[in-house]
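*Asks:* Pasting a structure below so you can have a look.
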């Protein structure tokens, strides 16, 4: 099943390369080739982050093309997607991430403001990298924002996915 699903994604991208794939209401429309390029960039980030097949990656945000690209990238990489409702409170999101053993977390703008250590001191005690759909910051080592400019510069070439 897994191989056929990934093959289905790949075949759809090849066959419909120049056609619309994902769109946001009153927003940009991504063609299949755009989705493929964004997936490729995310796979580079996954690889550089030490993510391996079977690792869990959490995704928390409103329904959007960014959410869809992230989800497809996770599945195509062979990782396990852990979808989290964006309506959850910060402490619930922290608990889900901690209990799921997610090694990476994508969050959208709406969730971002509530997920800092001032609002919730719970942290992940294992290595993790967390990114926003709209790339406002990069997290390393904890489920809290480090806002380290050197870290951000290190990842900048890879995170232009929007």
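Every residue, even glycine, has its Cβ placed from backbone N, Cα and C.
What TrEMBL lists as domain 'AMP-dependent synthetase/ligase' is 10-113. Taken from TrEMBL, the feature transmembrane segment applies to 66-85, 128-156.
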*Asks:* Taking DSSP states H, G and I as helix and E and B as strand, how many residues of the domain 'AMP-dependent synthetase/ligase' (10-113) are helix, strand and coil?
*Replies:* 51 helix, 23 strand, 30 coil
*Asks:* Mean pLDDT, the domain 'AMP-dependent synthetase/ligase' (10-113)?
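*Replies:* Summarising the domain 'AMP-dependent synthetase/ligase' (10-113) by its mean pLDDT gives 87.
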